[in-house]
Amino acid sequence: MIDNEEYRQFLESVRFVYGYDFTDYAEASVIRRIRAFMESKRVGSLKDLGRMVLKDEAAFEHFIQDITVNVTEMFRDPFFYKSLRKNVINRLATYPFIKVWIAGCSTGEEVYSMAILFREEGLLERTVIYATDINQDALQKAREGISSINNMKSYTENYLKAGGQHSFSDYYKAKYNSVLWDKSLRQNIVFSVHNLAMDKSFNEFQLILCRNVLIYFNQALQSKVIGLFYESLCSFGFLCLGNKESLLFADKRTCFEEIDKKEKIFMKTK
Amino acid sequence: MDQNKTFDAIVIGASAGGLYAMINIFKQLPANYPIPIIVVQHRSKDERSLLEEVLQQKCSVCIKQADEKEVIAGGCVYFAPPDYHLLVENDGTFSLSFDPPVNYSRPSIDVLFETAADVFKERLLAIILTGANADGARGMKKIRKLGGTTIAQQPDTADYPEMPKAAINTGAIQHILTPDAIGSFLRECMKNNTVW
Ligand SMILES: C[S@@+](CC[C@H](N)C(=O)[O-])C[C@H]1O[C@@H](n2cnc3c(N)ncnc32)[C@H](O)[C@@H]1O
């Protein structure tokens, strides 16, 4: 059993020692993952877990990797990408230079999907994509640009549903059981660590994607992070959230206009 | 029997064949059924809301997909959205997650059952219906351990008996009932939970 008081204390000490703040994450999911981690490491109590990760940085890194959820796909929610092509791209095209922030990019599939879309729309050459995540290990995988070959069938389907204009296989090379994304896609991508719960705004963007990250946060943290995106967007910049996410809990919700309600695309209007 | 207990929530797990069983259960409930009902029905990720629409046509209780951070309230049957796990938070709200599939399923019944058990403990009623896998068995064990009440659909009335059987085999199931009897059980429970 994980006792509530113990749980709070554990997160407080993690914050104190490592500066990672999980106190405003949705609890049920964090507790589930902590339990799974404890089971796999045969740790009996939260106190023991504390002893294990607070003294040993390598063990902590391992722990972080396990409790952040890095599941992602190429062109996940294909209709979202289709809507981007239809509703956002033409407005972005009016800028001489485009900056995009993909926050919570995980192992990079979403980033490469965006690079492909921007290439097909003729914008990639004048775009820089800043792709950030809290999980170093996931970011490293994103930089390497490797994916499992087993996923290619469903990724190809997604790509086509997303309005893809070429053959999906143009964008990767197969090697053994993996595929390597075309290197030229990566030229204008900057991968770096950024923690949405603690770090500040670092640039101004025309487009921000943060999909399936807010669901892991409580309402207060969701509102704070939306505030951070608000600060980081130019006027009439676009914010895209995951399919099940909303601006409902954000103080800044009235400063955005809905561009596509279903696909969760918003424009900063105030 | 346990109908005399008061429940804060009812959780239901269903897989293949679930729609038919659920129609039989939910059509017995009045529109103002006071206990919130939370359901994981295994479903394809490409299906956006057909399940809710079909059920709503057959039942008077309100059927809806659970929203992120929505407050759990009576008078509603909430469904886990396709391709997300549905979790219950301590403050009585829902959260969604994109964790890897559990028992090859997302949404997974175990994820809902285990988090609901943590929150509602002995004031939880859990029901496992037809299905061709073993999702929900682990969750049932935990619910029973924390004092909740457990029901499985009588396997020979299930289109796919494996799922109720797997739950029964854990030894955690207290009542084995037909869908009709589950419906009556739920109506009985209502008497202790009337909201005025
Ligand atoms: C489910 S993945 C979403 C990946 C991708 N955006 C998508 O929709 O497919 C959630 C990501 O959020 C990251 N994350 C969690 N907390 C974070 C934080 N405080 N700051 C930045 N990223 C965070 C996790 O490491 C993980 O890679």
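Glycine is treated like the rest: Cβ placed from N, Cα and C.
A TrEMBL annotation is a machine prediction, not a hand-curated record.
Computed from a predicted structure; not experimentally measured.
Taken from TrEMBL as is:
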- B:Ser15: active site (ACT_SITE)
- B:His42: active site (ACT_SITE)
- B:Asp135: active site (ACT_SITE)
- B:10-193: domain 'CheB-type methylesterase' (DOMAIN)
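Cα-Cα distance from B:His42 (active site) to B:Ser15 (active site): 5 Å (rounded to the nearest whole number). In this structure, the CA atom of B:Asp135 (active site) is 9 Å away from the CA atom of B:Ser15 (active site).
Residue environment of B:Ser15 (active site) contains 26 other Cβ atoms, counted within 10 Å of its Cβ in all protein chains.
Residue density at B:His42 (active site): 23 other Cβ atoms are found within 10 A of its Cβ, drawing on all protein chains shown.
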